[in-house]
Amino acid sequence: MVAISPDSAPTVQGWDRGAQARRVTLLLVVALGGMSVFSLTVGAAGTSPWAVLADMIAGREVSLADRVVLFEIRLPRLVLGALVGAALAVSGAVMQGLFRNPLADPGLVGVSAGAGLGAIAAIVLGGLLPAGLAAALGYYAVPVAAFLGGWAATLVLYGIATRRGRTSVATMLLGGIALGALAGALSGILVYMADDAQLRDLTFWGLGSLAGATWAKLAAAVPLMVLALVAAPMLARGLNGLALGEAAAFHIGIPVQRLKAVAILTVAGATGAAVAVSGGIGFVGIVVPHLLRLATGPDHRYLLVNSALLGAALLILADVISRIVIAPAELPIGIVTAVLGGPFFLWILLRKRGVLDL
Amino acid sequence: MLEARGITVRLGRRAVLCGVDFEALAGHLTAIVGPNGSGKTTLLRALTGDLSHGGRVRLNGQDIADLRPWALAGLRGVLPQATPLAFPFTAAEVVRLGLTGGVEAGAAGLVPQALARVGLAGFEGRYYQELSGGEQQRVQLARVLAQVWEPVAHGAPRWLFLDEPVSSLDIGHQLQVMEIARDFADRGGGVVAVMHDLNLTAMFADRVALISEGRVLGLGLPGAVLRDDLLSAAYRCPIRVNTPPARGTYLLPHAAGRVAAE
Ligand SMILES: Nc1ncnc2c1ncn2[C@@H]1O[C@H](COP(=O)(O)OP(=O)(O)OP(=O)(O)O)[C@@H](O)[C@H]1O
Ligand SMILES: [Mg+2]
């Protein structure tokens, strides 16, 4: 019998896609860095980050306008884009692992529908709030309502699907469809009640945007997104095991119920926060993990990290595009992600058709 | 030692197991036999901690209800009757999932060894979904073997729970898999296997439990349980146990009036 010690275990080449996945990680880090720098240089104002940097190093005075453009407009927008992209992509990957289905997305746990309903309610019914509260919330009313709506929907769904300490993923899926339809109907009623100005707000919120990112707005949403990004890699082994089904996952030592609870709640938090600050940016959560699975396999130890990086880089890119195609006006970023992502995704599917039947 | 007392399981409105007592020793291969729907899988799931049930299950002296999933995983591996797989993992990646829990966690070198053990050397990079049914089942067995590679760890026996491990295998691989289970027991581990093939059971088992309608009709040496009367009653068909002049026991279904051509 061969003695096995983990340290001296021979590494086996060929079947291990880990090395390849780690190379992709490196590549994505570089891409994200490049994309970030590029994003800082693009905008309606002619500010050049290089000139500002040179001025700062040389100790010269930087003009107030340049400082504001760079540090109060472009930088928070960049950070928001990166975090929203990472949060949506990771949430998608976690949901797909949890539901054991490559087509699952964070919307399945009801969070998107709930958040949408919350946002619409805030826009349409915001005027009905007591003046004091409305003033205190200011323009945070929409994101706060979206976040609360998203969490409320997820908690209701989780409650419905959990009996005697076991959460039925199938019940959640079906319940999510029912809850989504209900939220859609309520949203429809609100839209019917809305006036023209509110309709315009609603439409733009639904299309998604990173415009208007401020450090204050970021501070509210960042903790939940960062929490999800930190928690997700810890779910990787569990999600891998879950690919064998819940029973076999338990057999190999995974605390399945805890895994499900943590996954659902972190995804709801991160997606709720992302939707709250940026509206409905679709597609990232499904396309990004899918591409990476095709490239380096379904191992969540790499998939989650790489999804975060690719999601961030892609959303920054989409944001840059949204700012330059019809400059000086801006295209809503949700349109960009759909226009770019849709055909690309189809192309990948056509090319890989028959090779990988998921 | 594995000891189960008063196992009662209700699924839906049905009482599937009614106060079953069961025990198995380390170093033994204990087979569970019985007709379809008699409760074999249910009993196995109670023994592995999958089901909430009445009664107590003690593994190596510890109540499994008190053990954390990862502690249990270091103690026993389980081959289910069928294992679905989501996502396009390779055979090697599936086997490596077995290293999540057990004592050998992280020993990637075990993966090719485990595959070779079930006769699938060289299958590492093949997509699981593209394997035949029998190959998939052997990959799953390799995953379970990787989890509890050494039958004895820290002086305590480890356990293999196998639900119909040979049901979709050809005769050669049936023997190979039974030899693997036999070897695991001979080296000090415990094996509990649900079996449909009574001949293989007679050949390989140290103890046999015969289950019918949620009750244990007999638990003991193969010769004591694999008897015409017990088997015929359990399976509701006439069965005759034959002992050929050369050592050993073999069984044939006995359909009245039919004789195989010479
Ligand atoms: N989830 C369930 N709900 C209700 N009844 C169930 C459930 N699972 C199994 N049963 C019933 O429990 C009984 C025992 O099932 P079990 O799977 O243990 O049988 P088995 O002995 O393993 O049969 P087989 O040889 O076909 O694998 C069967 O009558 C089955 O119909
Ligand atoms: Mg069964």
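Even glycines carry a Cβ here, placed using N, Cα and C.
Automated prediction, rather than curation, is the source of TrEMBL annotations.
Pulled from TrEMBL, these are the features on record:
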TRANSMEM  A:24-46  transmembrane segment
TRANSMEM  A:78-99  transmembrane segment
TRANSMEM  A:111-133  transmembrane segment
TRANSMEM  A:139-161  transmembrane segment
TRANSMEM  A:173-194  transmembrane segment
TRANSMEM  A:214-232  transmembrane segment
TRANSMEM  A:239-256  transmembrane segment
TRANSMEM  A:262-291  transmembrane segment
TRANSMEM  A:303-325  transmembrane segment
TRANSMEM  A:331-350  transmembrane segment
| query | Which one, A:139-161, A:173-194, A:214-232, A:303-325, A:331-350, has the most C-beta pairs under 8 Å toward the transmembrane segment (A:78-99)? | reply | A:303-325
| remark: Other same-chain positions with a Cβ less than 8 Å from the transmembrane segment (A:173-194) and lying at least 6 residues past its termini are 99, 107-110, 112-114, 116-117, 120-121, 123-125, 149, 153, 156-157, 160-161, 202
| query | Does the transmembrane segment (A:331-350) reach the transmembrane segment (A:111-133) with at least 3 CB pairs under 8 A, where each pair is 6 or more residues apart? | reply | no
| query | Which listed stretch (A:24-46, A:111-133, A:303-325) has the most C-beta pairs under 8 A with the transmembrane segment (A:262-291)? | reply | A:111-133
| note | Ranked by Cβ pairs within a distance under 8 Å of the transmembrane segment (A:24-46), the first of A:111-133, A:139-161, A:303-325 is A:303-325
